[in-house]
Amino acid sequence: HTHTDSQHSYSLLRGYCLSTFAMLAWLLSLHLCYASVLWLALRVLGSGLCICAAFLLGYVAFRGSCHYCGVEGEMVPAEDKPGTDHDNLVEGMYLGELRDMLKKYLQDEKIESTVSRTTHPSGSSEGTALAAEILETFKDLHMDHTWTDSHYATLQFPSRIQRNSLWMVDSQGEVLEEIPLEDPDSYCAYSATGTATGGVVYVNYGRQQDFDWLQSSGVSVVGCVVVMRVGGGVSYAEKVLLAQKAGAGGALIYPDPADISQDPRRLGLNSYTAISEHVHLGSGDPFTPGFPSFNHTQFPPTQSSGLPVIPAQPISANVASKLLSQLTGPVCPRGWQGRLPYVRCVLGRGFTSADGRRIRMGVYNTMTPVLLNNIFSSLEGRIEPDQYIIMGAQRDAWGPGAVKAGVGTAILLELARTFSNMVQNGFYPRRSLLFVSWDAGDFGNVGATEWLEGYLSMLHLKAVAYFSLDQAVMGKPKSHSITFIKPLYLNSGAYSFTAFGGVPAMELRFNEDSRPYPFVNTPLDTSGRLQEVLGGRLGVVGRSLGELVGLMVLRLAHDHILPLRITTYSHTALQFSAQLNKHSAELQARGLSPQWVFSARGDYSRAAETLQEAILNSDVQDETMTRIYNTRMMRVEYYFLSQYVSVVETPFRHVLHGRGEHTLSALTEHLSLLTSDPRRFNEALFRRQLALFTWTLQGAANALSGDIWNIDNVF
């Protein structure tokens, strides 16, 4: 583009982003997704703005003639929006000046130049040098505080002595041929090591419904090596765990052309490239679950229950095609057919040859203790310095990592530079701003989780919100539309903050829904390819994303009353109450009453509405009451952490966003067995699940009520 073209492109993109910003933030306060988790995608001139929010940051918007979205997603005029914004009445002009200042200081050139730098794996000398460089960059910005938070964690890397391998063997186990892994450096971190030998079964995406279908159709995967494709809404860790539970002996995961473009001429993946990903069903160091990996702490030997016990290895589409093209067995069901060339979709488990051949896979990754360095910098709040608004991005990547780590790091540094300039030119943030460069993000957000584990006892009192900038720019601008997609996912950089730490969190991303960025976690994730995908506008799009995050942070740092919406969870509880009501006859026949849940939901709803009403009618200049209201709101996520499960065994304790039998999703699935498969319904387990969820909900209601004498004690 010429300079004029670039300015015009930026004006269009920025104008669209800003005109929709108030709508985006209002949508976050609506009841649009299960358990209040919203992943909103707006195609910004073609790329979608994906917002994953684990807490509804409801009124993080600015004044203007923007339009808002109604409950069903329809557009409604701004003057019809519900609620009242205190800060539209006080200090509005000052906030407007700050917005202008933010837009003035943000620079797309610096974002583009930072992304062009190569990222490095955790534990490497290059990675250590990059951490030191970011530390010096923060210091040069004249921040109030800059420091390093170090942890000793156990990471897994490919062996330098013996490469992971794949062989075809005969019925006696003798090697017939070695199947070359065309991308030998790819691997699944935290895979079990050793060999697995067996027949091959194709299991589609490796989702629970895929394994359920195979079982109902009489196709056994016990002792087999399962082949599954990337995607399907489940992470590698979930795929491998489900395969393990089904009795498989090993797992191979490949990118199918049906899901990930594999035409290099059109910015697609090469057919000989595999995609790496960790397979620990959890986050943080799996050998110190629930505890920080500080060098001076002495814990007894333990490990996460989310570590797999079967080997797993990523393979390329070429290798998958070689294996699947030789299979015999039942024809795949509709919807399982991929686009591998010359492959007729059958399930396996045998091969077309009559010599009883099987597959043997060998995984020889090694565990290595690594010093991790999280780099922190902060601007101290002038009125409430002990309240933190945190922005973070992972620094490491497998391969060049332009999207995986480069973009997020670039936006993080640019936001730090921008807010520092604003402070030097008259901005006095009410609350403190923290900027964090995380280490070992590719291994399951290890650096971020270890920090959470180390400071959990204080963070739930002080962390207002967390914004993840990981993989922030992945799409190319083209057209306008709105799409609601999916909830926050396990591998998100924001997930642990809410599911483990009880901190309100959000992740934003420009994403192209019709053509997903194919190069993440491969050696092809370079700044050059990202520039091609974005039509040469990396800096422009990166700045637009940074501006959106900056505006939300500005509201949280400036407003007297935090723009958090606390009433949405009552709707989630109401939806569950309705499901219980549908099964009331079956429950009563078993001596179970849903009345406890109905009562707890009512108490939470009344407490949330009462607090919301008190806030709307409050005097924002009353610092004491403002502090009380803000504290109660920002701790809502913490109230929903189950106190009845072990943080070691079940780290994701959040009953709405976590994982495990204590969650509302597990309770709902169990409830559905009353009609779908009554023989599998476990009454004793259900009683426990229902009681623990009810008391967690009641505890949240009690905490929101405030003073002990305001709590309904007839529950």
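Here the Cβ of each residue, glycine as well, is placed from N, Cα and C on the backbone.
Remember, TrEMBL labels are computer predictions, not curated facts.
So that you can see what the record holds, here are the features copied from TrEMBL:
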TRANSMEM  12-33  transmembrane segment
TRANSMEM  40-62  transmembrane segment
DOMAIN    197-262  domain 'PA'
DOMAIN    374-479  domain 'Peptidase M28'
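Secondary structure of the domain 'Peptidase M28' (374-479), assigned with DSSP and counted as helix (H, G, I), strand (E, B) and coil, comes to 43 helix, 32 strand, 31 coil.
Helix, strand and coil residue tallies for the domain 'PA' (197-262), in that order: 19 helix, 15 strand, 32 coil [DSSP].
Across the domain 'PA' (197-262), the model assigns an average pLDDT of 97.
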